[in-house]
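A short worksheet on the structure shown next.
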Amino acid sequence: MMIPELGRRPMHRGNEDSSFGDDYEKEIGVLLGEQQRRQVEADELERELNLYRSGSAPPTVDGSLSAAGGLFSGGGGASFLEFGGVNKGNGFGGDDEEFRKDPAYLSYYYANMKLNPRLPPPLMSREDLRVAQRLKGSNNVLGGVGDRRKVNDSRSLFSMPPGFEAGKPGASASEWDANGLIGLGLGGKQKSFADIFQADMGHPVVQQPSRPASRNTFDENVDSNNNLSPSASQGIGAPSPYCYAAVLGSSLSRNGTPDPQGIARVPSPCLTPIGSGRVSSNDKRNTSNQSPFNGVTSGLNESSDLVNALSGLNLSGTGGLDERGQAEQDVEKVRNYMFGLQDGHNEVNPHGFPNRSDQARGTASCRNSQMRGSQGSAYNSGSGVANPYQHHDSPNYYALNPAVASMMANQLGTNNYSPMYENASATLGYSAMDSRLHGGSFVSSGQNLSESRNIGRVGNRMMEGGTGHPSHLADPMYHQYARFSENADSFDLLNDPSMDRNYGNSYMNMLEIQRAYLGSQKSQYGLPYKSGSPNSHSYYGSPTFGSNMSYPGSPLAHHGMPNSLMSPYSPMRRGEVNMRYPAATRNYTGGVMGSWHMDASLDEGFGSSMLEEFKSNKTRGFELSEIAGHVVEFSSDQYGSRFIQQKLETATTDEKNMVYEEIMPKALALMTDVFGNYVIQKFFEHGLPPQRRELGEKLIDNVLPLSLQMYGCRVIQKAIEVVDLDQKIQMVKELDGHVMRCVRDQNGNHVVQKCIECVPEENIEFIISTFFGHVVTLSTHPYGCRVIQRVLEHCHNPDTQSKVMEEILSTVSMLTQDQYGNYVVQHVLEHGKPDERTVIIKELAGKIVQMSQQKFASNVVEKCLTFGGPEERELLVNEMLGTTDENEPLQAMMKDQFANYVVQKVLETCDDQQRELILTRIKVHLNALKKYTYGKHIVARVEKLVAAGERRMALQSLPQPLVA
């Protein structure tokens, strides 16, 4: 029998009495109880069917029909007779199409299709079934908000969820909306998603791709007409196609699993009010205000704004859909999003969550000098509430001078990309904020500075990511991180080649003239790529990351971290040849987005054509006069510097004058240059006397810093050698008070040594007196030991010599074994007085074997054998041979890695009598020495000496010829 339908009641009315809440709770309880009862009855009926059916018998149509009918009738739902119609040949009563499109049959078919394969297939696909199940799980038993549902205590377990109505075959989208199911049709006319896309393939594509495949395509896009026609506003507010929610409607957004792309952006868990965002394209066109400057503003008129605001507070459906299916309309919006470049303007919701409210969104058009709209945030979508975080500098309400329209074109970009499809490289390359966002890197001469300030305010708005929220985070580094993805799409547009060209700008025209001036010479010297980098025209598919494009800064380049390797203040970045910034962008502290092709100093970015010709031409002989105007540049080059040094040795007076005039203004810079310092040294040698003197004057007041510099110290040494005495004295005096610092410095110690060598002793007394009391300490220093040796060589003052030698001789044993002090002792043995050598040898006597086995002291013992007298040498040899016939000290020395060299030195320096004695002792142990690594050295030396002695003896035994 037909089950009577209860009256349809709305979920909420503004003037309901207080008893509605109690009725509502009772209704919920009845529904829950009925659902449990239906489940129990269904289980019992299934068991009964299994009892009357043989396990081996195939399923029959009648059995399936009775089972299904019993489920529908016994379960309290509408029986199969409800569908009416004549019994067809398939065994089912009622209209076949009406029967097969019912969601209850769909669920039954997929649950029992294996038991009865003769069941006719339903009209809905599995995909539609999953959608219905999602809606059922999301809506539970309450249905959609504002729908008209049937309240029936006898619903079947397999009936459609509350809120679904079996619509007529010709039901339009507006009829579905009346039932609260926006954009979802489950009847016989329902199309699958594949059908929708295939049907939509015939529609013309009106949008251009947002990512051109090449740079040429990109240039064509940016040069195209940027005027936004009213018909183009149809795509405004299209949702991001992150899931099927954008295709099926807002009901899918009620899924318990939120879209990960919208988690951080959804302001509250409330449902989007049905009907609040449903505005047809025609309505949008009718309600859009026209700008007085022929630009399209995104704001609706006041009455429409009021209607939208009030509709956002209403929970009932409001209608207002297009005539075509809502699913197809949503699919078109998906396509509009994916190809969202509309003549240079993208009107897609940048926040990427399924927003059903198409509230007004603004656009910054080059022809629209009134900047309204651009709410920048869809957080308050559908609520009709204004953004509470809007700050007073927001560009939404700025009326800019039309004269700055050309500035707005490249300053703001057009937001082509959504954060979902942004370029990762542009995001990572973002630093504090590009100078172009602060108001532009270049200001036309005819534009007022106040308008530039307005542009700066627009840039400040963009620095907040377009969200309207103030910078309330305490950590500036985190604030930068938070807005990386928000501004990545702007960066791609800011890296547009037209940004660098900026056609029509007077300042850029001037730079173009400068560039053309050197273009003929520098055209063949394109900006070099880093070694190993591919010569590609784009990066990650973005045409803005090709050659000669703006180069973004690093996110680590923070003004609070000047020592960061990626900071603009880092030595790494300062020393990078290719990273030179235009003058217009040098005053900004964060990441600088300077052009790779240098605008401010063109000469620094490219090598001179003269220098390149010199290095590439191996056959032509150049002269100094031919490089006039390029001397400094040649001096800083490896090959150019060598060329100048060679030519200065034989240069004429005119050539020397030419070189002198060019290097003098850059003399200090060349002195510290890796190649330029050699040119300065050579000019000190071969320059004219007046020129050398004037060049020496450049050193005054710079001696100390140059002495501590790697290349400057060489220039100071050469100057001390060749300049006049008065200049030498003046230069040396600058070291007073810094002597010990220079002595311990790896560069300064060479300057101190040169002062001791070239400056008279009476003029460097302040240097020598500094060493008194520190001779031993300096003798054990890697650089100080060299200075002490120069003092012993060039300071002949008896008082100075006695003081220095007294400290050395008092610690001979310690200095002899020191890795640096041993050089000082060797120097005394070689250049000292005989009595000083005798004191040292006597100090070492009795410890010769021990000292010979020590690495550093063995060198001192060798010097004692070399420079000692015969008596001193005999004393050392006797100690080595020992007092017994076994010669134990000699055997130990011959097998030692260091002492074996001392034994070899003895065989070289001793007289014949001592050599014969030593050889006799060594021959006894010759076979045993061959087994030791270091003993082999002694064996080889002995064999040579024996062979030489035998030859000498043979020559002596020959009869002497008679003299006539």
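Even glycines carry a Cβ here, placed using N, Cα and C.
Per Swiss-Prot, the feature region 'Disordered' maps to 1-22 (among others).
What Swiss-Prot records for Ser192 is phosphoserine.
Taken from Swiss-Prot, the feature region 'Disordered' covers 204-235 (among others).
Under the heading compositional bias 'Polar residues', Swiss-Prot lists 207-216 (among others).
As annotated by Swiss-Prot, compositional bias 'Polar residues' applies to 223-234 (among others).
Residues or ranges marked as region 'Disordered' in Swiss-Prot: 256-300 (among others).
Swiss-Prot lists Thr257 with the feature phosphothreonine, giving a large-scale study or a structure entry as the kind of evidence.
Marked as compositional bias 'Polar residues' by Swiss-Prot: 287-300 (among others).
Among the features that Swiss-Prot reports, region 'Disordered' is placed at 343-388 (among others).
Sequence annotations record features per position, and here Swiss-Prot assigns compositional bias 'Polar residues' to 356-384 (among others).
The domain 'PUM-HD' annotation in Swiss-Prot covers 606-946. When pLDDT is averaged over the domain 'PUM-HD' (606-946), the result is 92.
For 626-661, the entry in Swiss-Prot reads repeat 'Pumilio 1'.
Residues annotated as repeat 'Pumilio 2' in Swiss-Prot: 662-697. Residues 628-629, 631-632, 635-638, 640-642, 644-645, 648-649, 651, 653, 656, 706, 709, 711-712, 714-715, 718-719, 721-724, 727, 731 of the same chain, all 6+ positions outside the repeat 'Pumilio 2' (662-697), place their C-beta atoms under 8 angstroms from a C-beta of that stretch.
Positions annotated as repeat 'Pumilio 3' by Swiss-Prot: 698-733. Residues in the repeat 'Pumilio 3' (698-733) partition by DSSP class (helix H, G, I; strand E, B; coil) as 25 helix, 0 strand, 11 coil.
Within its own chain, the repeat 'Pumilio 4' (734-769) has Cβ neighbours under 8 Å at 700-701, 703-704, 707-710, 712-714, 716-717, 720-721, 725, 728, 778, 781, 783-784, 786-787, 790-791, 794-797, 800, counting only residues six or more beyond its boundaries. The repeat 'Pumilio 4' annotation in Swiss-Prot covers 734-769.
Panel annotation: around the repeat 'Pumilio 5' (770-806), residues 739-740, 743-746, 749, 752-753, 756-757, 761, 814-815, 818, 820-821, 823-824, 827-828, 831-832, 836 of the same chain, lying at least six beyond its termini, place a Cβ under 8 Å from a Cβ of the stretch. The repeat 'Pumilio 5' annotation in Swiss-Prot covers 770-806.
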Secondary structure composition of the repeat 'Pumilio 8' (879-920) [DSSP: H/G/I, E/B, coil]: 31 helix, 0 strand, 11 coil
For the repeat 'Pumilio 1' (626-661), distant same-chain residues with Cβ under 8 A (at least six beyond the ends): 608, 610-611, 614-615, 670, 673, 675-676, 678-679, 682-683, 686-688, 691, 695
Number of helical, extended and coil residues in the repeat 'Pumilio 2' (662-697), per DSSP: 27 helix, 0 strand, 9 coil
Tally of residues which DSSP labels helix, strand or coil - the repeat 'Pumilio 7' (843-878): 27 helix, 0 strand, 9 coil
